[in-house]
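Here the structure comes first, spelled out in structure tokens, and everything after it is commentary.
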Amino acid sequence: MTAVLAGHASALLLTEEPDCSGPQTVVLFRREPLLLDCGRALSDVRVAFHTYGTPRADATLVLHALTGDSAVHEWWPDFLGAGRPLDPADDYVVCANVLGGCAGTTSAAELAATCSGPVPLSLRDMARVGRALLDSLGVRRVRVIGASMGGMLAYAWLLECPDLVEKAVIIGAPARHSPWAIGLNTAARSAIALAPGGEGLKVARQIAMLSYRSPESLSRTQAGQRVPGVPAVTSYLHYQGEKLAARFDEQTYCALTWAMDAFQPSSADLKAVRAPVLVVGISSDLLYPAAEVRACAAELPHADYWELGSIHGHDAFLMDPQDLPERVGAFLRS
């Protein structure tokens, strides 16, 4: 179903039952344009989203990771469902594909085509689009939860929408990218620029996958050979690259990683946050080391820090959550 809203503050409520087989779609910013941080104005922004539970004025907003989408039921089953932290019987759960994404929302490629070149997007731009969606759904208060890029986007929500965000959960994400993280993204974008059309994106994914795991994790899961003469880790990385290139857009990859790299809130910005926040670090995370995540949490006046102990690196929040769902559920209910 697609609904067209005249303006970003419309109170139109989409009342169809949530369809877990595909997202709902709404068009926002028809009457008043969305003003981007780069100075451009966008009209007719399409947003793809999923909802779970009965619509109401307070909700939990899930923010997806870099290559994710709005189908939380597909990629976060440890968190969504009966008796889990995001229980549709007790909560109204919303997740939208971000601005610039390639899973139903107006994409980076579409923006480039209509604006005669790439359009720089910011995480704050994405938060403003998300807020417009919540306005259209009649949501007035929200609990925000995100991991990886979604965690960085949660920081943007805390800064951009302080009147709307009741509390936030930030998993495996810093408030700002370090030179290490920017360097990894720079290498990925360089690969895409040198080999557009999919081959560069495959290499970008291989670079990213190494930062998402840990040496011990790969030693346990990708040792030896599955094909004679080919190391298992080589087969694994090739498979991951092929899989992403088949479903993801390289312009989206560049736009979203650039937005993450450019998001650099000051310590004063973070100290102004008044909402309670649960920040989760991952003990073996190479991309966002736990010490870095913990240091960002210390800049928030009302943050609790908890660390997930796992050998599986950054992706442990998906691969090896252990007690994480229980910790998150307790915080959201408190």
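Cβ coordinates are placed from backbone N, Cα and C, and glycine is handled just like the others.
From a predicted model like this one, the values you see are computed outputs, not experimental measurements.
Feature list (source: Swiss-Prot):
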- 61-318: domain 'AB hydrolase-1' (DOMAIN)
- S148: active site, nucleophile (ACT_SITE)
- R205, D315: substrate binding site (BINDING)
- D285: active site (ACT_SITE)
- H314: active site (ACT_SITE)
How many neighbouring Cβ atoms, not counting its own, are there within 10 Å of the Cβ of R205 (substrate binding site)?
25
Rank the recorded positions D285, D315 by the number of other Cβ atoms within 10 Å of each Cβ and report the first-ranked residue.
D285
By CA distance, which of the recorded positions (S148, R205, D285) lies nearest to H314 (active site)?
D285
If you skip the near sequence neighbours and keep only those at least six away, which residues in the chain come within under 8 angstroms of S148 (active site, nucleophile), Cβ to Cβ?
A65, L66, I171, G172, A173, H314, F317
Just the number: how many Å between the Cα atoms of D285 (active site) and R205 (substrate binding site)?
17
Looking only at the domain 'AB hydrolase-1' (61-318), what is the mean pLDDT?
98
